[in-house]
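Everything below concerns the one structure shown next.
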Amino acid sequence: MPCEGCMERDNKSTDPTMEFLLLGFSELLCLRVLLFFIFLIVHLVTLAGNVMIFMAVVMEPSRPPMLFFLCQLSVIELCYTLVIVPKALLSLIVVEGSTISFIGCAAQMHLFVALGGAECFLLVAMSYDRYVAICQPLHYVAVMSEELCLRLAVACCLGGFAVGLVLTVAVFRLPFCQSHRINHFFCDVPAVLHLACTQSYTPELPLLAACVVLLLLPFLLILTSYVCIAAALLHVTSSMGRSKAFSTCISHLAITLLHYGCATFIYIRPKSSYSPTRDKMVSLVYTNITPLLYPLIYSLRNKEIRGVLRKMLRRKKIAQLN
């Protein structure tokens with residue numbers, strides 16, 4: 001499916017000195033001020049929530065594996081929002097859209113994919129932690145050692161970085177249309193691919209491969225973990241014990257459904273079904289609302305994080321009294 005207005009290829013379309021124009025929400029002129037303040041408030045609350053969880057976990061002397069993974073998740077969400085939201089806020093201030101350089105667009109896409117990929121892998125590590133805690137409780141301390149948790153954390157980051165780098169290089173090697181107007185508020189993969197001057201579906205293959213590695217395989221591993229957990233809970237005779245075990249998984253399940261639901265809707269589909277307006281609205285939820293919900297979900301549903309937050313607030317009160 002050729003891109004709009006692409007009658008001929010631009011010989012300098014892959015020149016690193018070229019610029020893209022992020023149109024952002026140019027069609028919502030009357031709502032710019034309202035959207036700007038809503039995004040800004042959501043962004044600040046998201047930063048505050050994730051920083052609070054990060055500081056609470058770091059200040060805790062004894063950190064079980066789940067808290068360690070939560071700390072890494074908070075760091076990923078902090079970086080994730082800082083990569084996307086400031087440029088989105090700028091697109092609301094500038095009426096005619098904000099420009100971004102070729103290198104800047106590639107860097108933003110790489111960081112976005114790398115951080116999102118690291119989060120996908122991290123959700124798998126967290127599901128494995130829940131599997132060991134429920135299915136092998138007697139071996140939990142031995143299996144989920146500090147060394148294993150550190151290795152899993154590093155593997156998640158390196159895996160996301162590698163997939164993001166390969167996908168970004170594949171996308172930005174394509175010839176782009178003479179019109180470098182990206183109908184989005186950041187350099188998302190489908191929006192940039194839409195500018196590619198090609199009638200074949202070959203450019204979509206790296207995105208499809210990345211979706212398999214970052215979405216399909218991790219989701220199947222998470223699903224396998226929860227099938228094993230459900231099978232183990234069927235052998236628990238006490239309904240109280242069953243509900244207590246399942247309650248430890250609710251937070252992780254909620255975040256998994258949010259993350260994979262939005263990502264699947266945006267990325268697992270052919271280029272011909274691309275809709276800029278629909279993508280921007282879903283991306284808005286994906287990049288602004290879900291990072292805000294993550295700390296809220298874990299602070300409300302996870303006993304460990306609630307206990308750590310209470311300790312942090314108690315220490316702060318004691319310090320103020322002293």
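Count begins at 1; order follows the chain as displayed.
The backbone N, Cα and C atoms fix where each Cβ goes, glycine too.
Those TrEMBL annotations? Automatic predictions, nothing curated.
Listed in TrEMBL for this protein:
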- 33-59: transmembrane segment (TRANSMEM)
- 49-298: domain 'G-protein coupled receptors family 1 profile' (DOMAIN)
- 66-89: transmembrane segment (TRANSMEM)
- 109-128: transmembrane segment (TRANSMEM)
- 148-172: transmembrane segment (TRANSMEM)
- 207-234: transmembrane segment (TRANSMEM)
- 246-269: transmembrane segment (TRANSMEM)
- 281-300: transmembrane segment (TRANSMEM)
Contact between the transmembrane segment (66-89) and the transmembrane segment (148-172) (3 or more Cβ pairs under 8 Å, separation 6+): yes
Beyond the flanks of the transmembrane segment (246-269) by at least 6 residues, Cβ under 8 Å: 116, 119-120, 123, 126-127, 130, 133-134, 188-190, 207, 210-211, 214-215, 219, 222, 226, 229, 233, 279, 282-283, 285-286, 290, 293-294, 297-298, 301-302
